[in-house]
Every structure is written in C-alpha cells, then in structure tokens.
Amino acid sequence: MASNNVAQFAAELKMPAGVLLEQLQAAGVQKASEDDALSEADKARLLDHLRKSHGATDGDKRKITLTRKHTSEIKQSDATGKARTIQVEVRKKRTFVKRDDVAEGAEQGQAQVAEADDDAELKRREEEARREAELLEKQAQELRERQERLEREEAERRAREEAAEAERRRAEEEAAAKRAAAAAVEAQQAAAQQAAEAQQETAGAQSAQDEARAAAERAAQREAAKKAEDAAREAADKTRAEQEEIRKRREAAEAEARAIREMMNTPRKAVVKAVEPPKPVEPPKPVEAKGTLHKPAKPAGAGAARPAVKKPAGAAPATTQAPAGAGDRNKKPGGGKGGWQDDAAKRRGIKTRGDSSGGVDRGWRGGPKGRGRHQDSASTFQAPTEPIVREVHVPETVSVADLAHKMSIKASEVIKVMMKMGQMVTINQVLDQETAMIVVEELGHRAVAAKLDDPEALLVEGEATTDAEQLPRPPVVTVMGHVDHGKTSLLDHIRRAKVAAGEAGGITQHIGAYHVETPRGVITFLDTPGHEAFTAMRARGAKATDIVVLVVAADDGVMPQTKEAIAHAKAGGVPIVVAINKIDKPEANPDRVKQELVAEGVVPEEYGGDSPFVPVSAKTGVGIDDLLENVLLQAEVLELKAPIEAPAKGIVIEAKLDKGKGPVATILVQSGTLNRGDVVLAGSAYGRVRAMLDENGKPTKEAGPSIPVEIQGLSEVPGAGEEVIVLPDERKAREIALFRQGKFRDVKLAKQQAAKLESMLEQMGEGEVQNLPLIIKADVQGSQEALVQSLLKLSTDEVRVQIVHSAVGGISENDVNLATASKAVIIGFNTRADAQARKLAESNGIDIRYYNIIYDAVDEVKAAMSGMLAPEKREVITGMVEVRQVFKVPKIGTVAGCMVTDGIVKRSSSVRVLRNNVVIFTGELESLKRFKDDVKEVKQGFECGMSVKNFNDVIEGDQFEVFEVTEVARTL
C-alpha cells in the first residue's frame with residue numbers, strides 16, 4: 001500500500017507517528033501533523049538524513065556475503081548386503097568487503113587461496129569417507145572368511161566324530177571276537193582234560209604242557225581286552241573334549257559376528273573435520289585376531305586399527321588419532337574402542353554368555369545380573385569408590401522425589417527404605433519433616449531441619465523500602481442500603497447510564513465499580529447489592545471505601561440491610577452521608593426516616609451530629625448535585641492521599657471466569673499506578689496483565705489510585721476481597737502464589753467435605769439425616785459465595801444442604817461427572833452448560849437448574865428440602881364410645897356392647913381405653929358389628945359391638961376414645 005501521509009508511512013515502518021514527525025523535522029521536512037501529505041522527495045531527504053546521522057557517507061554497498069552449500073553422497077553395503085548411503089554436506093560462507101584498489105589484488109589472492117583450501121578439504125574428506133568404506137568392506141570380507149573357516153572346522157569335527165565312532169565299533173567287535181575265542185579255547189581245554197583223564201597214565205607229560213599253554217593264552221586274552229577298553233574310553237573322552245572346544249569356538253564366533261552386525265547397523269556420526277590425514281593401516285590378519293575370536297566381549301574386533309575421527313564440538317576425544325598400538329597402550333584385553341563408534345554403541349556393549357573377558361570390557365552390564373558394573377571409557381574420570389555423606393536440609397514437608405533429589409539418589413531407593421520401615425509411599429507422596437529426617441539418616445546422610453522459608457517476608461521488606469511522594473487521590477464512595485431503595489438508580493442517574501435495567505429482576509446481584517468526573521473532581525463509586533444474601537459483598541465494599549452513601553427510601557424507612565450497612569460503616573470507621581431517596585413519592589416521610597436513623601446512631605448535622613442528610617430523587621434528579629457536593633466536602637476533610645509513582649496495590653472487587661478471556665478480575669487500585677504488562681499477585685493467583693479495561697469496556701494502559709479496572713492474564717480466578725500487589729518479576733510471584741496454595745491446601749480440602757471415618761461415625765450417631773448435594777456454578781465470585789452461604793443457612797437437623805463443589809464459570813463435563821458420582825443437582829447462576837455437558841447430563845439423568853435471581857434459587861432449594869422432610873403425624877379424635885355391657889364369646893374373647901356418644905367410629909380407626917378418665921390401653925379395633933353384621937362405621941346415637949385387639953380386660957363403664965393418625969407435609 002502506498003503511503004501518502006505521515007500516519008500511513010509510520011504504519012508501514014511500524015513506528016510511532018510522533019517519532020517519525022520528529023525525524024522529519026530534524027531532516028528539514030516541515031510536517032506539522034500526522035495527516036500531512038508526504039512526497040517521494042521528502043522520503044529521500046529523510047533517508048539521506050538518517051544515513052548521515054548513522055555515519056554512512058554514500059549509498060554504495062561495500063560488503064556482500066555469499067553462502068554456498070555442497071552435498072555429496074557415498075554408497076556402501078554392510079555385512080548383510082543392505083545398501084546404505086552416507087551424505088556429506090559442506091557449507092561455506094564468505095563475506096567480501098570492498099576496500100581500496102591497492103588491497104583488491106591481495107584480497108583476490110586470499111579468496112583464491114581460501115577456495116583452493118576448501119577444494120583440498122573437500123577432497124580430503126571424500127578420501128576419508130572412501131577409506132572408511134574400504135575398511136568396512138575389508139571387515140565384511142574378514143567376516144565371510146571366518147564363517148568359511150568355522151564351516152571347515154565343523155566338517156572336520158564331524159569327520160573326527162565319525163572316525164571315533166567307527167574306531168569304537170571296531171574295538172567292540174574285536175573284544176567280542178576275543179571273548180568268543182576265549183570261550184572256544186576253554187571248551188577245547190575241557191574236552192582235552194576229559195581226554196587226559198582217560199589217557200592219564202599214557203599222556204601225563206603232554207597234558208601238563210597243554211595246561212600251561214592254555215593258561216598263557218587266557219592271560220594274553222584278558223590283557224588284550226583290558227587294553228581295548230582303555231583305548232575306547234580314551235577315544236570317547238577325546239571326542240567329547242573336541243566337541244566342547246568346537247562348541248565354545250562356535251559360540252564365540254557367533255557372538256563376534258553378532259557384535260560386528262550391530263556395529264555395522266549402528267548409524268555413524270558424520271565426519272566433520274580431522275586434525276590431520278590418517279595414515280593407512282593394514283587390517284589385522286585373521287590368524288592374529290586371537291583377541292576377537294577367544295574374547296567375545298570385544299565390541300568391534302578391529303578397534304585398534306581404525307583411524308580416529310573427530311567428534312562434534314562439545315565431545316572432546318581422549319586422543320586425536322588412534323595408531324595401531326593404541327590398543328596396547330591401555331593394557332586391556334580385547335583392545336580399545338573404535339574411534340568412529342557412537343556413544344549409544346559404547347553404552348550398549350556386547351552381551352555374551354559367561355564372563356570370558358574377565359569382567360574388564362563389559363560396558364554397564366558385563367557380568368550376570370548386572371554384577372561388576374562399570375563403564376570402560378577413554379576419559380580419565382574415575383567414579384568415587386567411597387560413599388559421599390551429604391548434609392540434607394529437610395523442610396517441614398517434602399515429597400519423596402524432592403528428598404531423593406536432595407540426596408542425589410533415585411526415588412526408588414527412598415521408597416525401598418520406606419517399605420523396610422513399614423510404610424508404603426509413592427514418588428509424589430509428601431512426607432513430614434520427622435519422617436524425612438529418619439529416612440535421610442537411614443541412608444547414611446546427615447539430616448538438618450531447614451527453617452521455613454516464608455516468601456511472604458519478601459512482601460513486607462518490599463513495603464518497607466517503597467518511598468514515594470504522597471499525592472491527593474479521588475475518594476472511593478460505596479453506595480449501600482436496603483434492597484429496592486434505589487441505590488443503583490441513584491448511581492444510574494449520576495452516571496447517566498441504564499445499569500439497573502440490565503440486572504435480572506431489577507435487583508443488583510454484582511458489585512459494580514465506576515468513576516465519575518465532576519467539575520470539582522473525580523469520584524469512584526462502588527455499588528453493592530442490598531439483598532440479605534450479599535453480606536460478604538457489602539463487607540468488601542465497606543473495606544475498600546473512604547465514604548459510605550447510605551441510601552434510605554423515604555417511604556420505607558430503616559430496614560434490616562440498612563442497619564447492617566450502618567454496622568459495616570461504623571466497623572470500618574468510615575463517615576456516612578445519608579441520601580433520603582424517593583422524596584418525589586406522595587407517601588414520603590423524611591422526618592420519620594431521620595428519627596429511625598437517630599435511633600440507629602446516625603445523627604444528622606442539623607441535630608448536632610456529623611452525618612449530612614441529603615433528600616434526593618433518583619427519578620427526577622433532585623438533590624443529586626447537593627449529594628456530590630457533600631461527598632467531595634467529606635473527601636476534603638479526610639485529606640485522601642496516595643503515592644502515584646510506585647508499584648500498584650489494590651483490592652479485588654469482583655472476579656469471574658470468562659469463556660474467551662479466561663480469569664478476569666475487577667480491581668480497585670488503592671495506591672501506585674497499575675500498568676499493562678505488570679506482574680500482579682492476588683492471593684494464590686498471579687500473572688502478567690495482558691489487557692486492562694475500564695468500567696465502560698474500553699482498553700486503558702494505566703490506572704492510578706482510586707480507579708477501578710478489569711484485568712486479564714491471571715493464572716486462576718482470585719478470591720473476591722484479595723489484596724493485589726505488583727511484584728518486580730514473575731518468578732517471585734509464582735513462588736509466593738505456590739506457597740500460599742500449599743499453605744491453604746488443608747483448608748481447601750476441608751471445604752470439600754470428604755467422607756471421612758469420623759464424619760461417618762458422627763452421621764451414624766445423629767441418625768438418619770437427609771442430604772441434598774448441590775454443585776453451584778456462578779458467573780462471578782461474589783454471587784457464588786453469596787448463593788453458597790444462603791443455601792447453607794437452609795440446613796436443619798433433618799435435612800442438610802451439602803455443597804459438593806462451587807466455582808466460577810460455565811458448567812462443564814467435569815461438573816456433570818462429579819454430579820453423577822455424588823448424585824447432586826447442578827445449579828447454574830447466570831451461567832449455562834455447554835453442548836457436551838448437556839448431552840452427558842441427559843444420558844446420566846442429572847438435573848441442571850438455571851437461575852438469574854437469587855430469590856428463585858433459594859426458594860426452589862427450600863421447596864426441595866421440604867419434600868425431603870419426614871411427614872408430621874397428627875392424631876384426630878373422631879368419636880367417643882361408652883361401654884354398656886360386656887360379653888364373653890368363646891374363641892373370640894371379650895366383646896363390648898357400646899353406645900356411640902359422640903362423633904363417628906370407623907373400623908380402621910385406633911382406640912384408647914379410658915377408665916375413670918385414665919388411659920389404660922392404646923390399640924386398634926379388631927371388629928365392629930351391629931346386629932351380628934360387620935359394618936365399616938357407626939355414627940353417633942347408635943349401638944354397636946366392639947372388640948379391641950390384644951385387650952380383653954373391658955368392664956362396664958369404660959370409655960373408648962376413637963382417633964385417626966394423619967400425615968401432614970412439613971415445611972421449612
């Protein structure tokens with residue numbers, strides 16, 4: 001958009017128009033206002049002026065910055081054959097400054113040298129990446145060779161096992177053959193012995209020779225069998241040892257292969273810059289790789305042969321370059337860590353079976369079940385071996401997590417100690433000081449009871465140091481009186497706005513703050529409700545006020561809330577100006593009003609008192625000027641002063657939760673100046689003032705003493721009547737607010753009336769007490785507390801009002817869920833439920849009642865409580881009967897012949913037996929007959945027969961008093 005005037009050009013430059021006018025005048029361009037036209041020549045003059053003022057002689061550009069980015073890719077494949085791409089990105093930034101012609105040649109030479117250096121750097125880095133890829137390829141080739149070697153060893157092992165098995169079978173066959181041969185020899189010997197016995201005489205010498213030879217053969221056979229068994233046993237032991245050795249080697253090789261695969265799959269760190277080009281190192285031979293094959297705890301297997309790569313900034317390496325002998329320098333089995341391996345791989349390490357590495361290079365979990373934890377790092381830091389005894393300052397209350405943090409241990413350790421002490425706790429559970437100190441001592445530290453750090457003391461110190469000039473301020477006037485006496489209408493005439501028409505039912509239910517400018521000065525008015533329910537609001541109004549205007553209707557006189565307003569004013573020591581309203585009515589009687597006020601201790605000036613009485617009419621405007629004159633006169637007498645150039649202090653008049661704006665508070669500034677952007681503290685709420693509106697809804701940047709404003713930006717809805725303080729920083733405000741929240745947490749929990757064991761026992765002792773649970777949501781804080789107090793006053797010994805929850809804002813789903821759990825009725829005072837809450841309430845059958853007049857809410861709750869009362873039982877005497885004769889009837893009992901002397905007797909009635917006018921029995925009629933016929937009722941003057949249930953001691957002359965019990969509904 002073209003800028004044709006000063007205002008548009010300032011908006012385009014995003015600067016205040018006043019500053020732009022000053023710069024134009026300094027440049028010699030005469031512009032008087034924001035609407036003056038602005039030409040291109042004027043803009044050029046302004047630009048030249050600004051350049052000269054900032055030291056620029058001409059508009060030529062003498063510096064230019066060039067940025068260049070070069071990206072290259074390197075492809076490689078890992079051990080699994082999966083292709084991976086490594087991207088190398090080089091960024092260059094060059095700034096050229098125009099100098100004299102003499103230095104241009106040298107500058108060009110330096111630029112060419114720098115570009116040549118960059119090209120050499122790029123080539124060197126590409127060479128490093130290529131060498132890394134070659135190294136990875138060599139490792140993959142080495143892995144394949146190891147796998148082939150393992151396969152060959154496995155085949156050799158199987159062949160040896162088969163040969164051993166064949167040898168064992170052959171030995172068994174030989175042993176069996178030898179045993180068979182021995183048996184045959186023994187049979188031959190037996191036969192020969194028999195033959196020898198037959199030919200003993202002729203062949204004695206021959207048989208002796210044969211016997212000696214057989215014994216020698218048997219000895220030889222036993223020796224051979226023993227040797228064969230020993231050989232078979234040795235072969236089996238050797239085979240088992242070889243199998244165990246092969247199994248161990250296979251497991252070690254598999255663990256190493258798994259570690260190499262993890263190493264290959266781990267993302268590498270990008271190469272940034274090396275200190276000097278690495279020297280090519282030959283990879284280790286497979287035969288010499290004993291450390292990696294037999295000690296599987298080594299993570300990489302070729303870490304000593306890898307070139308060092310510089311880590312990113314902030315991670316200082318142990319050495320800038322790892323030569324071939326770097327692994328021997330640390331004297332650790334298995335060599336050192338690879339320089340290119342990232343921190344995650346270092347932390348993981350390699351998990352192996354057993355502890356074959358001697359527990360040296362095992363990472364964090366080297367041994368079984370985490371034994372021998374330590375980290376093999378190249379840094380020189382050594383963890384302390386002795387326990388550190390700390391001095392722990394324990395506050396009055398501390399959570400388990402905070403206590404563990406103070407001792408620099410995990411919260412689980414504190415929970416373990418508490419469990420050993422027999423107490424089950426969670427990480428967020430709060431411990432008292434005594435328990436926390438016992439836990440600290442149990443863990444071997446020194447516990448010191450910390451002093452209570454009360455941040456409230458900072459506020460007192462801040463007040464003591466504040467010293468500002470006291471300047472006059474406008475008076476704060478509170479309009480008080482009985483309901484419907486015309487307070488708001490009177491203020492409405494003063495403000496010339498229709499406020500009373502906007503209140504539901506024509507009665508004020510909110511406290512309003514307005515300031516009015518008169519010819520003699522500014523007056524701030526606080527309009528308070530007159531209904532009896534709003535006692536707390538009137539008390540807050542009297543607390544913040546300087547002068548009270550007591551409005552009394554001339555036709556109504558002094559009423560209960562008028563007396564209460566007088567009591568509030570006297571308690572606060574505030575002067576009273578009496579406005580006798582409605583003098584335009586024919587039935588007005590100002591003299592009677594004066595007499596009634598004198599009886600209450602408010603004496604008019606004409607009677608020698610100190611309270612001016614002004615007759616006014618809010619309808620016609622009569623006496624309004626005199627009323628303002630008297631108010632300002634009282635203010636002059638009081639000499640009201642307050643510091644202006646100081647941090648603001650005030651009081652929360654009203655607070656509410658707006659759906660679009662969040663927490664909104666109406667604040668009356670009592671001293672200092674409140675600016676937009678200040679950090680305020682109101683009770684347990686804090687925040688920065690995001691927006692500030694006056695009573696008419698217009699934005700304002702600041703508010704001085706006695707000025708009411710509406711602020712936004714608080715963390716929560718503050719309580720009405722809370723003191724508002726401006727603090728220098730938000731951190732201190734948050735600290736004090738959290739301290740106050742923790743300090744009053746017990747009070748807040750007590751208000752929720754949780755079902756504790758003690759309260760349950762009390763209710764059991766009280767008997768059956770009906771409860772009416774309610775959830776109250778109001779538009780502002782004052783209305784909410786007024787409604788709560790009014791409903792709580794309705795409680796009786798039989799029916800009790802239970803406020804489950806009360807808050808400011810609309811009715812939400814959480815409120816409906818709470819009502820479902822507590823079986824409560826939701827009351828919305830000038831608020832509504834959103835769509836989700838209404839739908840949930842309909843599905844759960846929750847009753848939501850909306851009110852905008854406090855009368856209606858109180859009356860309906862009162863009616864509901866009346867319906868919960870037990871009905872009252874009343875006795876109504878319906879007749880009197882005289883016994884004339886008594887009959888004894890078998891199987892029935894005594895039957896009295898009676899005469900109805902008064903009223904009527906019904907069969908369903910109850911009866912009292914009177915003898916000599918003394919009640920001797922109370923019961924029910926069992927039968928009612930007339931001439932042997934059962935009848936429902938007998939009227940006066942007729943005879944009848946009657947029998948009383950469970951009573952036979954009837955004599956002549958007794959009287960029966962017949963009555964009925966009726967239930968009557970009770971009301972509160």
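Even glycines carry a Cβ here, placed using N, Cα and C.
Values in this document were obtained by computation on a predicted structure and should not be read as measured data.
Swiss-Prot tags one of the stretches 506-510, 841-845, 956-960 as region 'G2', and that stretch is 506-510. Your range for region 'G4', going by Swiss-Prot and the list 581-584, 693-696, 705-708, is 581-584. Within the set 527-530, 699-702, 871-874, the record from Swiss-Prot flags 527-530 under the feature region 'G3'. Helix, strand and coil counts from DSSP across the region 'G4' (581-584) read 0 helix, 1 strand, 3 coil. Mean pLDDT, taken over the domain 'tr-type G' (472-641), works out to 78 on the 0 to 100 scale. Cβ neighbour count for Ile583 (GTP binding site) (all protein chains, 10 Å cutoff from its Cβ): 19.
In this structure, Gly481 (GTP binding site) is part of a beta strand by DSSP.
DSSP labels the residues of the compositional bias 'Basic and acidic residues' (210-261) in these numbers: 52 helix, 0 strand, 0 coil.
Look at the compositional bias 'Basic and acidic residues' (121-177): DSSP puts its residues at 57 helix, 0 strand, 0 coil. Of all the binding-site residues listed here (Gly481, Asp484), it is Asp484 whose C-beta has the fewest other C-beta atoms within 10 angstroms.
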